[in-house]
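Okay, structure first, notes after.
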């Protein structure tokens with residue numbers, strides 16, 4: 001026979017069973033009794049809706065309490081098993097979401113590092129040039145471990161935009177770098193290594209900060225920005241040494257083979273390692289990923305502040321202001337070239353303004369840290385590293401200034 005029971009009635013029944021003699025438990029183990037709700041034990045806040053269940057001393061009450069708890073959680077709008085399923089089945093976050101977490105305070109960090117390096121250089125002088133390569137390699141590893149092929153599927157459907165971004169990186173930008181580098185030596189009478197340093201900045205791949213800048217203004221185009229930056233970074237192993245030889249080779253000796261080897265170690269190998277780790281050992285990647293945002297921000301702070309602190313005498317020298325002016329004009333020209341070139345090519349596109357902003361970031365923001373690492377390792381004259389050191393700060397501040405301007409314009413248009 002079935003019973004109508006509540007959890008408190010189960011306790012009442014069990015208490016009666018415990019008082020019975022132990023000598024003859026068998027009849028009660030299989031006995032079925034009908035028990036009606038007791039007024040003394042009734043409580044609307046504790047009883048669940050009456051249901052038909054089977055009760056026995058062997059374990060039916062355990063099932064009853066399990067069902068009762070499940071009912072209570074359901075009444076509260078909760079699913080007791082949902083949390084565990086979500087915990088073990090949750091997919092890794094996309095690279096866009098990771099960028100949002102990793103770089104949310106990055107603009108403030110760049111500005112603070114710049115001010116601190118200028119006011120108190122010893123705060124960063126311990127981060128010597130030998131740390132530049134591993135520091136940049138760590139940032140590239142973070143890009144690889146956070147990459148997901150799904151983020152790029154939509155972006156690859158716009159090959160024309162990707163090609164235009166590549167042209168901006170490795171045609172327009174080097175041309176501007178050559179012009180300003182030549183002007184530094186010919187018009188402003190600066191040392192030849194200074195002009196070479198400006199040209200070197202124009203030969204490197206796009207900066208990862210351009211991806212975050214795009215995310216802040218046009219989140220839907222962030223994957224496209226990532227694809228363009230990744231493509232320029234992957235091909236930098238060949239393009240950067242050849243452009244350096246073409247632009248700087250007649251002025252200073254360029255070790256093409258050494259540059260290729262260095263870029264393989266600094267860029268390609270860390271990105272490949274991150275991708276493989278993410279693909280082959282997803283659990284390990286998920287365990288590492290939460291620590292990358294903080295480490296990346298600290299890494300960037302050192303990479304921005306250290307070049308300024310180590311070259312503080314040159315930066316504050318009489319020609320330091322001239323270098324700052326030339327580097328600023330170079331980046332400003334690159335930002336505007338990318339913006340207006342994209343406007344002429346995609347003027348009929350429904351998202352033409354968003355594309356203009358995205359490609360402006362791609363053209364105007366370079367991996368100045370890579371240029372600094374190459375300058376430190378392959379050029380004997382330390383003056384070559386001054387333009388990349390200044391560029392690291394200038395392009396970051398200019399990029400995020402544009403982010404604030406364009407974000408405000410979007411809000412007003414809405």
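Each residue, glycine too, has its Cβ placed from N, Cα and C.
Your range for transmembrane segment, going by TrEMBL and the list 151-169, 170-188, 189-207, is 170-188. Of the given residue ranges 322-346, 347-371, TrEMBL assigns the label transmembrane segment to 322-346. Taking pairs at least six residues apart, the transmembrane segment (170-188) and the transmembrane segment (226-248) share three or more Cβ pairs below 8 Å and count as touching. Contact check: the transmembrane segment (260-278) against the transmembrane segment (226-248) gives at least three Cβ pairs closer than 8 Å, residues 6 or more apart, which meets the contact criterion.
The recorded stretches the transmembrane segment (105-125) and the transmembrane segment (226-248) do not share 3+ CB pairs below 8 A when only pairs 6 or more apart in sequence are counted, and are therefore not in contact. Listed by sequence, the residues of this chain that lie at least six past the ends of the transmembrane segment (385-406) yet keep a Cβ under 8 A from its Cβ atoms are 107, 110-111, 114, 129, 194, 197-198, 200-201, 207, 209-210, 213, 216-217, 303-304, 307-308, 310-311, 314-315, 320, 323-324, 326-328, 330-332, 335, 357, 360-361, 364-366, 368-369, 371-372, 375-376, 379. Outside the transmembrane segment (131-149), and at least 6 residues removed from its termini, the chain residues within Cβ reach (under 8 Å) are 92, 94-95, 98-99, 102, 208, 226, 230, 233, 262, 265-267, 269-275, 277-278, 285, 288-289, 292, 295-296, 299-300, 302-303, 306, 367, 369-370, 372-373, 376-377.
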